[in-house]
Amino acid sequence: MASSRSPLSQHAPSPTSPPDLASIAKHLSLPTTKKVVVLCGAGISTTAQRISSSGQILNEGIPDFRSPSTGLYANLSKYNLPYPEAIFEIGFFQSNPQPFFTLAQSLYPGQFLPSKTHYFLSLLAKKGKLLRCFTQNIDTLERRAGLKDEDIVEAHGSFATASCTRCGVKVDPDWMREKCMKGEVARCTSPKCSGGAKGKDGKHQGALVKNDIVFFGEGLPTRFFERLGDLRQADLLIVLGTSLQVQPFASLIDRVPASCPRVLLNLERVGDIGGEEDGDGASWMSSRFRESGFDFDGLALPRGAKKSEIRDVFWKGKTDEGVESLAKEMGWEAELKELIEEGTKKAVEEAKAASAGAGVAKATPSDEVGTEKEARAVAAKVVEGGEHVADKEQGDRKEASASLGDENAMAEAKGRADESKNEADDLAGEVARKLDVKGDKSVDGSGEDGKKSSL
């Protein structure tokens, strides 16, 4: 009976000891173990380093949601929310979308490198061990680490796509990214959309557009339910960096066979059988005691059963350290390191290429601007290197009192902007001279050397 309940019993260090990470590694190394299911939470992305537009790697991670001092919910006071979770509630979003779009600037994909944990998942797939990765994360870093769409179930959606909240039309991802990176509320531009209100100018506005992220109050993606059967096939369950507080994701740990070993790599022990659970992560009133869950201490074992029959393992610490230990036990250290190096090199090259290619192709030298202040704003857009193009600051003006100078000057500025954003300071000086703007280099009045702080 013991062996049918837990394959780990034969790998335990001693007949009376509970299984550990070494036992999990031995089980994973078996040729028959090739249907590993992974459940991921925000904890796997907290060590994901930010990468600048010039390819510089910064020591910043993506905050998780519930850590007391560093978590996302603990640092939302500046948004004047009624309570932290409101920023991800569909009702609040419909009435006040600006906080979400402001927050999206710092969370949007493309700004972060996958963590070591993400690459470990990619290595599992490469080894033919991974059946499916269920993730609560919306950052798409599993994809960036090398997992294919088929490998992933994004239980709470992701930033990868966006749709109109009324007519459902899918919008261009680049357009949505630009909106979010500017912190601007996105509205549907489809002529058939009738879900919006009138703007300040009295004209019709399209309905709100939202990234296809599952907010509180929305249903989960169809794919989540379609792939639930994968859990019944699992021969190993790995749970990484999650508080297991949000349903129905938290209940997935109980959908694997009774013979399937389960391991939790996390900063805190969570999901214990008999422990308190929070149905929606929002209110203590929904708390109740779990009748199922992890049994790290063998509480549910039959009387007289040995500790070696426990199938659940808890490893306390950061997930990066946990998967590193697991890789070491498996003899996969070199391959994991190689994946990380290759992925990082590719991401840096892509960032540099994107930076070099960012230009001001839409800027034209002949358009006039209304005031010297507007001319300075145009120059600032040139300095920023293309995310915001100069011609958006130009248009019909009643009084034209300044211009950008001759075509050669603008062409020279454009060419230099295309070379690299790292030359922004030099370009600012050159554009300022063309405009005959002297003294203050902060040409748009919002930052040192004419550059706005951006994420």
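Just so it is clear, glycine is given a Cβ too, placed from its N, Cα and C backbone atoms.
In TrEMBL, the annotation region 'Disordered' applies to 1-22, one of the ranges 1-22, 287-308. Comparing the Cα of Cys167 (Zn(2+) binding site) with the Cα of every entry in Ser45, His156, Thr242, Leu267, these being the recorded positions, the smallest distance points to His156.
Note on proximity: among Ala42, Ser45, Asn137, His156, Thr242, the recorded positions of the record, the Cα nearest Cys164 (Zn(2+) binding site) is that of His156. Distance from the CA of His156 (active site, proton acceptor) to the CA of Leu267 (NAD(+) binding site) is 22 Å. A simple way to gauge crowding: the CB of His156 (active site, proton acceptor) has 19 other CB atoms within 10 angstroms, across all the protein chains here.
In terms of Cα spacing, the recorded positions His156, Cys188, Cys193 all stay beyond 10 Å of Thr242 (NAD(+) binding site). Ranked by Cα separation from Asn137 (NAD(+) binding site), the recorded positions His156, Cys188, Cys193 are led by His156.
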